[in-house]
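**Student:** Encoded as structure tokens, here's the structure I'll be asking about.
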Amino acid sequence: MNNIWWQTKGQGNVHLVLLHGWGLNAEVWRCIDEELSSHFTLHLVDLPGFGRSRGFGALSLADMAEVVLRQAPDKAIWLGWSLGGLVASQIALTHPERVLALVTVASSPCFSARDEWPGIKPDVLAGFQQQLSDDFQRTVERFLALQTMGTETARQDARALKKTVLALPMPEVDVLNGGLEILKTVDLRLPLQNVSMPFLRLYGYLDGLVPRKVVPMLDKLWPHSESYIFAKAAHAPFISHPVEFHHLLVALKQRV
């Protein structure tokens, strides 16, 4: 089976694996990788089918997690942003012995709105799937614009995300559709009640994709976890608030 693209940098005594979000690739971490690699051995990954990890079709969440795990260090802090947060969470559920701590960034265990659960309306996700077939690049760009909307640095943050996407060949439409299908259908709210490793959840107050209303709901559902909200961030707090983001991860390292 194909290997995925994987880059390791830094010599820290704790491994930190970074998993990107839908439509993107590991270049999205370049705004913080230098700082982080002075504290961690950093692992930058292109998820299967994204960026330089070619030769994969659409995968289920479970299969995506298994592919990523094949090349991973024995034990690491796993950090996942958005869709990557679901992949990191799946690894924490199925291989807890490999996970020193779980960090989710602007991620929800259930992205899709359900009864009494705030999220993205299913018809919005279905609409993105339909539009992918019609106008592939414009749909991805619209999704990226949603991620930074409302922040003081929205334009430059959106430019940074767009640059990341355009730096490498676009994923295949079926891979993008598969990722949207995961966002539309997966619900890890109850399974994640059972994880016992340190669990840090990071959110943006202005996030239009993961509503801040989920934060107190998950605080109650997962009392063993910790949450932090970036007051002026949207869906990409590591781009808009890199220093604050870095400090939170270094503080977590002291506790594992």
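Cβ atoms here come from the backbone N, Cα and C positions, even for glycine.
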**Student:** Which of Trp22, Trp29, Trp117 shares the substrate site with Ser82, Leu83, Phe143, Leu144, Ala145, Leu146, Gln147, His235 per Swiss-Prot?
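**Tutor:** Among the candidates, Swiss-Prot records only Trp22 at this substrate site.
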**Student:** Determine the Cβ neighbour count for His235 (substrate binding site): the number of other Cβ atoms within 10 Å of its Cβ.
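**Tutor:** Cβ-Cβ neighbours of His235 (substrate binding site) within 10 Å number 29.
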**Student:** Going along the chain, which residues six or more apart from Ser82 (active site, nucleophile) have their CB under 8 A from its CB?
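**Tutor:** Listed in sequence order, they are His20, Gly21, Trp22, Val105, Ala106, Ser107, Gln147, Leu209, Val210, His235.
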**Student:** Looking only at Cβ atoms, how many others are within 10 Å of the one on Leu146 (substrate binding site)?
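**Tutor:** The answer is 18.
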**Student:** What whole-number Å value do you get for the CA-CA distance of Leu146 (substrate binding site) and Asp207 (active site)?
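**Tutor:** About 9 Å separate the Cα atoms of these two residues.
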**Student:** Give the distance between the Cα atoms of Leu83 (substrate binding site) and Asp207 (active site), rounded to the nearest whole Å.
**Tutor:** 14
**Student:** Restricting to the record's substrate-binding residues (Trp22, Ser82, Leu83, Phe143, Leu144, Ala145, Leu146, Gln147, His235), give me the longest CA-CA distance in Å as a whole number.
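**Tutor:** Overall maximum Cα spacing for these binding residues reaches 16 Å.
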